[in-house]
Amino acid sequence: MTYVLDLKRSFLDACTWLIGDNFRDLGSVLWVPLPILSLVIVATLGVLVIVWLERKISAGVQQRVGPEYGGALGLLQPLADGLKLVFKEDVVPAKSDTWLFTLGPAVVVIPIFLAYLVVPFGQQLIIADLRIGIFFWIAISSIAPIGLLMSGYGSNNKYSFLGGLRAAAQSISYELPLAICVLSVCLLADSLSTVDIVESQSSWGILTWNIWRQPIGFVAFLIAALAECERLPFDLPEAEEELVAGYQTEYTGMKFGLFYVGSYVNLLVSGCFVTVLYLGGWHGPFAIDGILPDSPPFQVLDAFLGITWTLLKTFLFLFAAILTRWTLPRVRIDQLLDLGWKFLLPVSLGNLLLTASLKLLF
């Protein structure tokens with residue numbers, strides 16, 4: 001399509017129509033926090049959906065019913081969980097480092113929300129189309145383990161401290177293969193922009209998605225993403241049988257709730273980047289660019305379809321991640337590190353070399 005839906009221009013035009021030309025600058029000021037606020041609300045609602053899916057899928061795997069009393073099909077159960085955490089007492093251990101103990105959850109959650117700045121839900125449906133958007137995500141996601149280490153050390157608890165150390169070791173081990181797999185995709189797209197990466201997969205629909213051009217990188221990225229999210233079988237930093245609850249052991253109330261939200265938001269953003277890098281982003285399986293007329297109603301339809309396809313692909317990844325959690329056993333810490341350093345890192349480097357060689361030849 002030649003013209004795409006520009007939300008900012010549409011918002012400013014609506015402000016001009018409602019309150020006059022003299023207040024167009026006011027509309028520009030109001031626009032600044034609006035996308036960020038909308039994204040935070042949508043991400044939080046996404047967490048509620050994931051929590052409900054986790055409960056229902058785990059119940060299906062274990063042949064149970066799952067939540068059914070909290071509203072229709074148990075849809076209000078995640079909301080009840082959140083309200084319960086809000087009203088719990090916020091306990092700070094007596095001999096803990098209060099500053100580190102308090103700042104830790106915020107340092108974990110804030111970078112995860114910032115990653116949504118570069119997630120495209122459509123050609124213009126992105127908050128910040130940075131030229132280095134994909135590496136902005138990798139850089140910003142590397143901050144979260146620092147918060148986990150702060151939380152573990154500040155708790156003055158041996159189990160919490162060990163959980164924080166495990167989180168740091170796990171992040172370092174799997175950040176490298178993750179970044180190298182991303183670099184292979186960027187070589188194919190000739191860009192580090194998330195929008196350009198999606199556009200490079202739009203020529204022939206599903207046939208040009210990077211999952212077919214980068215099958216090795218896709219599998220390596222999938223494993224590394226699950227490890228970065230600390231999902232089973234890679235949840236060593238909070239292994240109940242070994243570390244009680246890891247770095248979360250001393251936390252209660254909303255501070256514990258921040259870890260809870262951060263874990264699921266991180267899983268959601270990882271699903272978004274799997275979609276962007278390997279599954280064609282907002283594009284459907286069939287190439288329809290240029291088919292729809294260039295009129296405002298069809299621009300809105302195109303934007304709606306883009307958001308729908310992005311969310312469908314993202315929740316497909318989430319379904320696989322949840323199913324993996326309830327079907328595979330936890331690995332040992334030595335197996336976790338061996339998988340990262342002795343398997344994924346050489347495989348991702350070989351995939352990068354192969355991609356660069358084919359790029360030079362063809």
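Backbone N, Cα and C define each Cβ position, glycine as well.
Annotated in Swiss-Prot:
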TRANSMEM  31-51  transmembrane segment
TRANSMEM  99-119  transmembrane segment
TRANSMEM  132-152  transmembrane segment
TRANSMEM  178-198  transmembrane segment
TRANSMEM  206-226  transmembrane segment
TRANSMEM  268-288  transmembrane segment
TRANSMEM  303-323  transmembrane segment
TRANSMEM  336-356  transmembrane segment
Flag the pair the transmembrane segment (99-119) / the transmembrane segment (268-288) as in contact if three or more Cβ pairs fall under 8 Å (sequence separation 6 or more).
yes
Of the listed stretches 31-51, 178-198, 303-323, 336-356, the one with the highest count of C-beta pairs below 8 angstroms to the transmembrane segment (132-152) is 178-198
Looking only at residues six or more beyond either end of the transmembrane segment (268-288), which have a C-beta under 8 A from one in the stretch?
43, 46-47, 50, 112, 115-116, 119-123, 125, 134, 137, 182, 185, 194, 197-198, 201-206, 208-211, 214, 217-218, 221-222, 225-226, 228-229, 305-307, 309-310, 313-315, 317-318, 321
Per the Cβ under 8 Å criterion, with at least 6 residues separating them from its ends, the transmembrane segment (206-226) contacts 174-175, 177-178, 181-182, 184-185, 188, 200, 234, 270, 273-274, 277-280, 285-286, 317, 321, 324, 339-340, 344, 347-348, 350-351, 354-355
Could you name the stretch, out of 31-51, 303-323, 336-356, with the greatest number of CB pairs under 8 A to the transmembrane segment (178-198)?
336-356
Report, as numbers and ranges, every residue of the chain located at least six residues beyond the transmembrane segment (31-51) whose Cβ falls under 8 Å of a Cβ in that stretch; write 'none' if there are none.
7-8, 11-12, 77-79, 81-82, 113, 116-117, 127, 261, 264-265, 267-269, 318, 322
Give residue numbers and ranges for long-range contacts of the transmembrane segment (336-356): same chain, 6 or more residues beyond its ends, CB-CB under 8 A.
169-170, 173-174, 176-177, 180-181, 183-184, 187-188, 214, 216-217, 220, 223-224, 227, 234, 236
